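Peer 1: Below are the structure tokens for one structure; questions will follow.
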Ligand SMILES: C[S@@+](CC[C@H](N)C(=O)[O-])C[C@H]1O[C@@H](n2cnc3c(N)ncnc32)[C@H](O)[C@@H]1O
């Protein structure tokens with residue numbers, strides 16, 4: 001048995017080294033992902049099942065330590081340092097117990113959130129600097145305060161609901177955990193702090209993918225057939241408008257061409273937005289107010305809803321579209337049919353507990369769009385990513 005295991009480790013090591021070499025030579029996202037996947041396979045082979053179970057058991061404590069460090073402003077203090085920071089200095093702003101800081105710092109060092117030059121001598125890492133960014137803090141706070149209580153209660157929700165795939169926006173894991181029948185969006189609208197955390201989390205995105213306008217052929221697919229009297233892009237459920245601002249920075253179109261739509265609570269939560277972007281308070285379950293736009297863009301919207309609800313949302317768009325001119329652009333995960341990676345499979349769990357929503361494969365996207373009279377023109381995927389744009393038009 002050990003012989004087989006050693007053989008596996010040897011071949012996984014060879015594979016990992018080869019894929020890391022390829023990544024270093026090519027520096028592409030695809031080869032980085034491949035190198036990471038083979039390094040993870042090697043780590044898994046080195047772990048015993050008991051290691052793996054205990055790692056799972058202790059992993060929530062990593063989140064707790066990182067969140068506590070963030071609350072103690074440890075990342076801010078560390079990031080400014082050019083010489084090592086001591087426990088006393090890190091404890092200072094919140095007058096924390098030095099021994100508590102010492103214990104938290106040990107965890108941070110284990111997970112590369114800080115580096116340790118000697119006992120009680122800490123320097124920043126890329127991760128500690130990342131944790132000072134407003135969007136990273138919003139993501140951590142949203143997870144810790146709003147998502148974890150739901151995740152903790154979800155197995156109980158399934159026991160009580162006989163393991164049905166959740167799809168009811170008023171009766172999913174969130175409603176079970178928070179004892180409400182409000183949809184997550186109504187619940188957010190009534191909880192201003194949670195809404196602010198969530199919107200900041202949305203602005204942060206979920207990875208370092210560049211803005212879609214950097215890799216989607218905007219000129220050819222949108223701008224070449226722009227109509228002077230029509231909006232170019234309607235961002236439906238666009239949050240605080242960060243995607244449209246990103247678009248405008250890359251393609252500085254005239255005022256009125258870009259339209260942001262979201263619920264009143266979200267539009268009212270906007271603090272800064274380019275004045276040339278039109279804002280509309282609108283529910284996508286109502287008829288679409290902007291007719292015949294060149295494109296209706298949905299980012300991380302469809303994955304929040306069951307097929308039935310997506311059909312309702314999409315029918316309001318198909319009614320507003322002009323055949324042969326208007327498009328729908330959906331930016332979401334496109335789950336591979338086999339061996340999907342943790343990022344999309346775990347995001348599927350997150351949307352399931354929150355909305356409840358679902359991430360879809362190509363087949364499921366195609367079936368959904370065809371069911372409302374649309375046809376997929378192309379699945380656009382930046383190389384190495386499983387999140388892309390589904391371009392669709394009226395059949
Ligand atoms: C997952 S967030 C995505 C936000 C943004 N598109 C992004 O990717 O950052 C979902 C968005 O849908 C909005 N939303 C939820 N229900 C809505 C409705 N009935 N009408 C319009 N927007 C809605 C939420 O307010 C939120 O901004």
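Every residue gets a Cβ built from N, Cα and C, even glycine.
Straight out of TrEMBL:
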- 57-132: domain 'O-methyltransferase dimerisation' (DOMAIN)
- 231-374: domain 'O-methyltransferase C-terminal' (DOMAIN)
- 303: active site, proton acceptor (ACT_SITE)
Peer 1: Over all shown protein chains, what is the count of other CB atoms within 10 A of the CB belonging to the residue listed as 'active site, proton acceptor'?
Peer 2: 24
Peer 1: Taking the domain 'O-methyltransferase dimerisation' (57-132) alone, what is its mean pLDDT?
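Peer 2: Computed over the domain 'O-methyltransferase dimerisation' (57-132), the mean pLDDT is 96 on the 0 to 100 scale.
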